[in-house]
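Here is the structure we will look at, set down as structure tokens.
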Amino acid sequence: MTSNTNRKKVSLLDLQAKKQRGEPITMLTAYDYTGALLVDRAEIDTILVGDSLGMVVMGLDSTVPVTMDEMLHHCRAVARGATYAHLIGDMPFMSYQADVSEAVRNAGRMLKEGHVDSIKLEGGREMAATVRAIVAAGIAVMGHIGLTPQSLSKLGGFRAQGRTAEAARRLLDDALALEDAGCYAIVLEAVPAPVAAEISRRLRIPTIGIGAGPGCDGQVLVFHDILGLYDRLQPRFVKEYAQLQQPILDAFVAYREDTVHHRFPTAEHSFSMNAEELEAFQKSLEE
Ligand code: KIV
């Protein structure tokens, strides 16, 4: 396993420099300390505590019910393990949509209570004023357009966006509006590859794709998806780099079998006691 204990934390300047050098930026989600340690040791550039935790950690059908307190709880855990990667906290649904000052206050909570380095929010030009206000408060913002899971009610389902000329043009305008408002990067989710490539070419800031093809400046995947741990239907853009469900299940079954057949624990997993103390203990029981 790679160790990066001596490496300095990835900064926004590092991400911008990678775009300029044409070097892909890597990003993975994580939701707890142990997961964050592993992602961090793999020298992934950025960790996102995504509101996808509602689905992969909490078993919900969408990200919509996730709350600020749930996000903060997971952000704090991940922050303890992420000493190298730039850490991003996802703003949950209705923590920033209703009112700009509430958005600024909640973004501030992400940094002060969640210990993240920057925040991410969903939406295009309609979010420009909110992004401006959060950035003006000194908080770096990552945008997220294309398939925005918090707008499931409006989008009518998880499906690719920007597939007509007009919709593609709207996406580009959204991306430019977010860049102009001060975003340091933008996630493009489920967008046709040529549209994502064109947006990436036209922006000064990096784009991070998920289901948006190879023309983005970086890629992001969900922790449980790349490890083959999530058992619901996967979108076609997910690549499983390991199938860990079966080995984990095998370990749990082996533990159950060992326990019920008295093979675990053995002496090597138990504490011994001084023979005299044990005898004294047993004698005390007879009195
Ligand atoms: O919540 C999440 O995991 C995300 C990524 C898919 C970008 O927003």
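Cβ atoms here come from the backbone N, Cα and C positions, even for glycine.
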Which candidate from D14, D90, D99 does TrEMBL annotate alongside D51, E122 at the Mg(2+) binding site?
D90
Between D90 (Mg(2+) binding site) and S52 (3-methyl-2-oxobutanoate binding site): CA-CA distance (Å):
9
Listed in sequence order, the residues of the same chain lying six or more positions from D51 (Mg(2+) binding site) whose CB sits under 8 Å from its CB are T63, V66, M71, D90, M91, P92, F93, P149, Q150
Those recorded positions listed as D90, E122, E189, and which of them has the most Cβ atoms within 10 Å of its own Cβ
D90
When you measure from the Cβ of K120 (3-methyl-2-oxobutanoate binding site), which residues in the chain that are at least 6 apart have a Cβ under 8 Å away?
L48, I88, G89, D90, M91, V141, M142, G143, H144, V187
